[in-house]
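Enquirer: Please find one structure pasted underneath; my questions will follow.
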């Protein structure tokens with residue numbers, strides 16, 4: 001038997017009521033009404049009565065049936081949007097309905113509810129304990145910063161200037177000096193958020209480099225071991241690194257549903273740039289003043305948003321057990337004529353046992369909601385494990401457990417409940433990570449050509465591509481791939497480099513490393529990066545058009561008869577060459593900070609070359625050509641990057657020369673940087689030395705004439721360069737500027753930070 005009540009009021013009024021009331025309160029009205037109460041006093045508080053329509057029963061139909069019809073009950077807790085259909089609206093609905101955040105009356109600001117704060121506290125507790133093991137101490141700095149201090153960090157702040165919030169009034173009075181709210185990169189997306197930020201100082205670069213990687217490993221653990229999110233560790237490109245820093249490393253996550261990558265956390269080596277700005281010096285054990293090497297590292301509540309996007313489904317949140325506010329929810333399932341008190345008592349004792357074992361467990365003993373409603377409610381909130389206790393479970397001394405990640409159900413005896421719960425939660429944590437990794441890996445596409453790159457971009461893949469790491473190329477690709485959803489930029493160059501394909505033609509390579517790429521967006525909820533490819537300055541011909549069919553067969557390792565062997569040999573040679581190139585680049589990177597050692601080595605090489613020429617009494621033409629080349633490099637080393645004579649003709653603002661009228665720190669920007677200057681001269685001496693073993697280059701010549709001509713050329717060229725310096729009032733060295741004795745490399749063994 002059933003009763004159908006037909007109302008004369010239109011549904012529009014009920015919808016209007018739903019808009020005026022809170023969602024949860026309206027659901028309570030609906031549930032009480034479904035329970036059979038037609039009384040207005042029973043279904044709403046007095047303040048709602050003017051809004052409620054008066055129920056008018058038009059007809060009551062008594063439905064007789066020989067059997068009961070199964071009716072699917074709606075809890076009203078379901079999501080409106082599907083994750084695969086409307087990701088942005090799905091995400092917004094999940095974080096609100098699962099009680100993670102509440103909107104605030106200031107745009108860009110949110111209330112982080114306890115469900116979110118617990119996750120943040122778990123991560124904070126882990127990270128705080130780990131950095132204290134590294135002898136890092138916590139400190140608190142004011143939120144506000146003056147304009148003068150902000151301007152000292154002009155390079156760092158330039159990109160964030162439009163987002164800086166300024167405080168100009170105190171009460172009704174104008175401040176004499178406006179103060180800024182310290183910006184970070186997050187201000188572009190949100191005006192208020194929580195983040196962890198670390199700043200450390202070291203005596204040597206080696207110590208700073210070591211900590212950068214140690215902190216990055218902690219961030220990996222946060223994502224992979226706590227949030228069950230696979231990430232890629234790597235180094236940012238020069239264009240994407242922290243403004244004003246020496247280099248930046250990061251962990252990068254990926255959202256398969258949108259094909260977007262997200263920068264999970266960053267660990268920067270700031271070098272000595274900020275030490276120069278703020279005079280951060282120390283005295284080493286030799287009594288010399290030196291500048292510190294600084295690091296900076298941070299992650300924010302963005303991590304929690306990434307977790308929601310990766311694991312959430314159409315039922316709501318899916319929380320990894322390690323960070324869940326409630327790991328186990330116990331729900332009583334009483335039936336008619338069941339011993340409700342005994343069931344409730346069993347639920348309470350189960351929670352107590354789990355809590356004593358160290359689990360975060362709660363029982364939902366509310367009697368104004370049905371078990372089905374509670375199931376949906378806690379599924380929405382993402383609780384990893386649900387325990388149900390009904391009359392049958394009580395009789396069999398067991399409980400029923402239901403996993404949130406896959407919905408699997410099983411019955412567990414009460415005697416070994418704690419052990420089984422521990423196993424299941426561990427399994428859930430592992431399964432969430434494995435599932436996320438499997439989805440992420442399925443979206444990774446290794447490309448070797450521009451066409452493959454574009455196709456992978458359109459398929460929303462996470463791309464690994466050969467990359468030359470040139471800023472101009474990166475900017476060009478951004479411009480070429482710019483569309484409605486954003487422009488392209490790189491994620492990172494992974495530390496764990498995949499092996500380049502043996503059939504990869506040199507025509508498709510910029511450099512023998514692989515760059516991790518993804519797709520960019522300007523929205524906070526689905527922030528990520530677009531993939532990045534290499535610039536082709538001219539149309540490249542297919543391999544067969546340049547070198548013939550055999551070269552193409554070798555490049556693609558075609559298994560056709562006759563040339564397959566040659567293709568394998570060429571591929572093997574390519575692999576060896578790629579490995580050698582990577583090793584060479586690695587050695588160059590390691591040599592970069594050791595300025596004095598590099599130049600000392602060059603001096604030794606020059607002496608060896610001079611001794612070789614003196615012994616053989618020849619190859620003067622080679623030496624003369626070497627001298628002309630070195631002279632040209634030296635002039636470029638002494639010249640500013642932008643010549644003041646043509647600065648006005650250069651499109652866009654370029655680096656200007658330092659002047660006495662400005663207190664701002666502006667280093668002299670050379671046309672040829674010191675490292676490239678050294679590298680070019682070193683290669684030139686090596687090539688010249690090799691040429692002295694080939695008699696074809698030993699052209700007979702009266703060497704004093706060559707020496708005299710070179711000295712004249714040197715004098716004329718340097719005179720012109722010195723007049724240029726005088727005219728535009730600059731000196732390309734440290735003369736007239738404050739000197740830092742700490743510029744000299746300090747060894748790890750000799751230098752230590754002063755104790756407090």
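Just so you know, glycine gets a Cβ as well, placed from its N, Cα and C.
A TrEMBL annotation is a machine prediction, not a hand-curated record.
What you see is a predicted model, and the numbers here were worked out from it, not measured in a lab.
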Enquirer: Looking at the ranges 621-639, 640-658, 735-753, which is given as transmembrane segment in TrEMBL?
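Expert: In TrEMBL, the transmembrane segment feature sits at 621-639.
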Enquirer: If I go by TrEMBL, the feature region 'Disordered' sits on one of 537-568, 569-600, 665-696, 697-728. Which?
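Expert: It is 537-568 that TrEMBL describes as region 'Disordered'.
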Enquirer: Which sequence positions outside the transmembrane segment (621-639), separated from its termini by at least 6 residues, show Cβ-Cβ distances below 8 Å to it?
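Expert: For the transmembrane segment (621-639), the sequence-distant neighbours (Cβ-Cβ under 8 Å, at least 6 residues beyond its ends) are 613, 670-672, 674, 677, 680-681, 684-685, 688, 691-692, 697-699, 701, 706, 710, 713-714, 717, 721, 724-725, 732.
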Enquirer: Helix, strand, coil: count each for the residues of the domain 'Aminoacyl-transfer RNA synthetases class-II family profile' (172-320), based on DSSP.
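Expert: The composition, in the requested order, is 42 helix, 58 strand, 49 coil.
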Enquirer: Against which stretches of its own chain does the transmembrane segment (701-718) lie, if we need a Cβ under 8 Å and a gap of at least six residues from its ends?
Expert: 620-621, 623-624, 627-628, 631, 635
